[in-house]
Amino acid sequence: MRCHWRRSRYSPIRPIPLPFPLRRSVPHVCAGCGPSRTLEVALVLDTPRSPILLRLGGVLAGAALVLSAGCSAGADAQTSSDETAGNDVNVTITPADGSDEVRPDLPIVVAAEGGTITDVTVQRSSDDAEADAAGNGDPASVHAITGTLNEAKTEWTSDWTLPPGSDITVTANVENPDGEASEVVSSFATLPATEGQRLELKSNFPASGDEVGVGMPIIIDFDMPVQNKAQVEAAMTLRSEQPAVGAWNWFGDQRVVFRTEEYWEPNQEVVVDMRFAGVLAAEGVYGVKNYQLRFDVGRSQISRVDNNTHRMLVERDGQQIQDFPISNGDGSRPEFRTTSGVHLTMERHRDYVMDSATIGIPEDSPGAYKLTVAYAVRFSNSGEFAHTSEGNTSLGIDNVSHGCTNMSLEDSRWFYENTLIGDPYIVTGTTRELEVDNGWGYWQRSWEDWLANSETGEADPTDDDAAPGSSQTAA
């Protein structure tokens, strides 16, 4: 999934008229040119901002920069007298040199007329780069300002939005048809994000370094509401070692979730790049940081809990490895029914306090309880865990719990020790269905509905090797 600028949205900047001639024809004699030849030379403006040729700033901001590549003292002495010595290359860089408070959600565009672009590099001030490195420890690649060159090599456009409040320098290298090279440098500053209107990452699941199950979604929570959801979706790219297809869904204005069409292939690494810096998330609200998330998908383990047979079957890498007797919710109250559907294991606790007040049954009310259980593995946010139930004589026989999956001490210890977050935990046979937003019930939504609920409406492949990431790309 790429975030490329749609070139049709932007009008090219044309050269502006100047109050004085930018070029002047002067008589010149040099080896290879012969006598009485006329040479086009560029006017050198010695300004504090750009004191050398081709580094035009100050009063020339926004003007096309003319690269004169004709005969000079440094020209190739082997050029024959009947060969065109070179043609001017007109280079336009947007934003204009010297611009201040540039909107960070607008692209950098370098355009060349009469020649081709050979390379474009974009650098931020050293202070900005150091702040990124100190801020979240993510690799430099996620902070780099990269771009894509068109097939004709005449236009380069930045891939991503720009960091707010940054001093940015663009260096463009071009060649004329004779292969003679020139360089143009332009600098500008982006608009800073306003305090109180700075979108940042609040939390994410999984965390970098985690090993997860094959059903694991990617859950991103923001610290403030997002209105321009499609722009935020487009700022995130995923790469996995085994190809997959997925899409983002929003749950409210502050949570976005990525889920694949099918479970992840096991035993692979997944990388998520989140380039939020400069994204216009809402009116006046800009993202201020980029992030990278790396996690590993472990072995495939799927648990299937049958409410009618009172058994849990555990499959690993396609082979059944466990068959546990269990006891689910007795259904005497709606909240005591175990939910059916595709759950995911969410967290593990060696010991956990079960308190009915957390599901709306206060202390001293009929059906109230508060007890500590061992080896608890959560599979919803409505109080459902697989855990030890010592003394329960109905395991494998009847459903007598308050909605949890009761297990023996030995079986629950095994399940606790062998579970990763994101392992599918599938319950069948009850009359209470898991809601899509209850815990991580995201697999309850069909792929068609999931895709339809994406702001972009498009599936995102995770094997996109051609995603933006180099300073120049040409077909």
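Start at 1 and count along the chain as shown; that gives each residue its number.
Keep in mind that glycine also has a Cβ here, set from the backbone N, Cα and C atoms.
It is 123-143, from the ranges 123-143, 291-311, that TrEMBL records as region 'Disordered'.
The stretch that TrEMBL tags with region 'Disordered', taken from the ranges 384-406, 453-475, is 453-475. Range annotated as region 'Disordered' by TrEMBL, chosen from 75-102, 159-186: 75-102. Around His387 (active site, proton donor/acceptor), the same-chain residues six or more apart in sequence whose CB sits under 8 Å from its CB are Tyr352, Met354, Val373, Ala374, Tyr375, Ala376, Val377, Cys404, Thr405, Asn406, Met407, Ser412, listed in sequence order.
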